[in-house]
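Step one of this worksheet: look at the structure below.
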2 protein chains.
Amino acid sequence: MSVTAASGFTAAGIAAGLKGFGKRDLALVVNEGPLRSAAAVFTSNRAKANPIIWSQQVIADGTVSAIILNSGGANCFTGAEGFQTTHATAEAVAEALGVSAGDVLVCSTGLIGEQLDREKLVAGAQEAAEQRSSNGGGHAAEAIMTTDSTPKKAVVKRDGWTIGGMAKGAGMLAPGLATMLVVITTDAVLLPAQLDAALRAATRVSLDRLDSDGCMSTNDQVTLLASGASGVEPESTAFTAALIELCQDLARQLQADAEGASHDIAIEVVGAVTEDDAVEVGRSVARSNLFKAAVFGNDPNWGRVLAAIGTTGAAFDPYAVDVSMNGVRVCSAGGPDRPRTDVDLRPREVHVLIDLHAGTETATILTNDLTHDYVHENSAYAS
Amino acid sequence: MSVTAASGFTAAGIAAGLKGFGKRDLALVVNEGPLRSAAAVFTSNRAKANPIIWSQQVIADGTVSAIILNSGGANCFTGAEGFQTTHATAEAVAEALGVSAGDVLVCSTGLIGEQLDREKLVAGAQEAAEQRSSNGGGHAAEAIMTTDSTPKKAVVKRDGWTIGGMAKGAGMLAPGLATMLVVITTDAVLLPAQLDAALRAATRVSLDRLDSDGCMSTNDQVTLLASGASGVEPESTAFTAALIELCQDLARQLQADAEGASHDIAIEVVGAVTEDDAVEVGRSVARSNLFKAAVFGNDPNWGRVLAAIGTTGAAFDPYAVDVSMNGVRVCSAGGPDRPRTDVDLRPREVHVLIDLHAGTETATILTNDLTHDYVHENSAYAS
């Protein structure tokens, strides 16, 4: 059900002809109210796609009627013509729904540097508006897939209110954010400022801690829409907790489907002086090609973990650090502990525990291994 | 001739049994004088191997009699026992040569987290000292190879004086520095402070701009030794220029032999406000797995160049940037220019030109593509 699990939302996912092969490539999510509260977070890449530039203006007043998302092209580095395509798409949605274009968010994903087919988008927007329904969430989640092998959907239900979401993203996954598009809907009664606070708190500890390949996207957007249709106004802590649960679920789904990956790696850093230190240390390991290639080869090469964390500015003594892999402490106090042959890295799930012995803060970063298939998929993407 | 091209130096490269298969794995370079000036630069990784910790003490007074380098093990994260092995190796060299152990540099390269065989090292040091000769540079360059497929040697001759060098390094190549061991010798008459200034100036624009895989080593060391045997005291600018030429030659040799690479990529950044900005922009591209995988697939995916540089803090407008690949301007002012099909990426040499249109500073970063063979070599390294 994804984005239509919460009441007050309709959605559609249609084939507008952007991807060819008759695949669904255009998703529309409409907030039917009564509220039209919204919040969004965007890529921190300075090279922003046209839909990001557009959507950052739309979200400013916290009111959103609909969001339209296309796969089949990122509409990034496509100049004024590309921006006009984004604008025309929003206008087409607005006209079909009888709302203002200034309340329509736009997201795009696919190859950078190519123009989208504006006519197909405009016609598709009209068709999607007509086809939208209160059980269209599944089709919408399909339509935003690029190299994803499976749609990502999640639902969290609480007493009287619901949060549902969909996500796409398989490559260019890195914090700030990844090549991810996420739409989350709720029928809870919440104001835009409440949504914004909850969304920032939730993405910080979930989607923003997924770093599949260290490459930051130009098109990332995570949007949260509230219809208020349940009539229930949850406590902000309860809502944030539910939202974190949903975002972590989606983050794990994105990790599990990362391009070419054969291992899902959780890097848990404990004993840090600050949470930022823990995140920095975890990310340094998540970005070590040598470590990630070793995991692909089922090689518990903990020296590469220490070589990676030694490049950070985090507060710790490299010669006080312990490292465990899948429960086996292979390094203690910066020296060899149990033999690496004791570690079994054949399961898809890999847990790396790094104890900095410097403080009490923790963070977990999710990443994947570096595989032949990753190289293959990303060397053949545009051709 | 490598390190024995300059007069006043002897060297040896022997098989001490560290690597097995009777391969050369221990190199010794001895400064026979009359001067014993020296300078060195080290990895900026905080996780430093035992030989780095040792050598940083030795170099402090600018006087070095000999340097011993082993492959077959990095002696990193091996605790007090590992440090004692480094110390014992230096003592063995000192005893064989009749010099102070405090004037003997030690370098190690290979797997992290395993103890080296101290007895073999000590016996090998004795043997290397006995076998050293004024034409031993070739064997020394062979003995420091790990996954290198070929030894790296360079010589620059000037009027009356010579600089020679050897290098190893094929993976974990990243600035600050790479997994590189470099020994450079000269018979010019120079004081330690002059050597230090020249070495820092030269590595900054050569070895430190090679970023093959973004992984910073725990063991990097670049050492410059001067015997003064030529009796010629060069101008410092002339010496630095010759040293830059030699270091750039070695850097290109390291790049050409990088693990699994099928393309040598030079990323030239122009139009930057500062040289640091140019370096940061170039490195961001050199560290984009998506861009590097695209080059492997001969795909001129310039959108991935812009996505990478958008993550930097350098001063420029992403929508003013031009990008050319192998002479074809595929992006101008942040939008599509000539079709990507005009770009031929089949040659091994790839030139990416990024014009930031923000200033007049420039820098070139050398990197490699991300290939199946890179993943293969680094997933099977320890096993």
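The count begins at 1 with the first shown residue.
A Cβ is built for glycine as well, from the same backbone N, Cα and C atoms used for every other residue.
Keep in mind it's a predicted model, so treat the numbers as computed, not measured.
Among the features that TrEMBL reports, active site, nucleophile is placed at B:Thr179.
The Cβ of B:Thr146 (substrate binding site) has 22 neighbouring Cβ atoms from other residues within 10 Å, across all protein chains displayed. The annotation substrate binding site is assigned in TrEMBL to B:Thr146, B:Lys168, B:Thr179, B:Glu259, B:Asn378, B:Ser383.
Contacting chain A by the Cβ rule (under 8 Å between Cβ atoms), the binding-site residues B:Thr146, B:Lys168, B:Glu259, B:Asn378 reduce to B:Asn378.
According to DSSP, B:Lys168 (substrate binding site) is assigned to a strand segment. Around the Cβ of B:Lys168 (substrate binding site), the same chain contributes B:Ser71, B:Thr109, B:Ala141, B:Ile144, B:Met145, B:Thr146, B:Asp148, B:Pro151, B:Lys152, B:Met180, B:Leu181, B:Val182, each under 8 angstroms and 6 or more positions distant in sequence.
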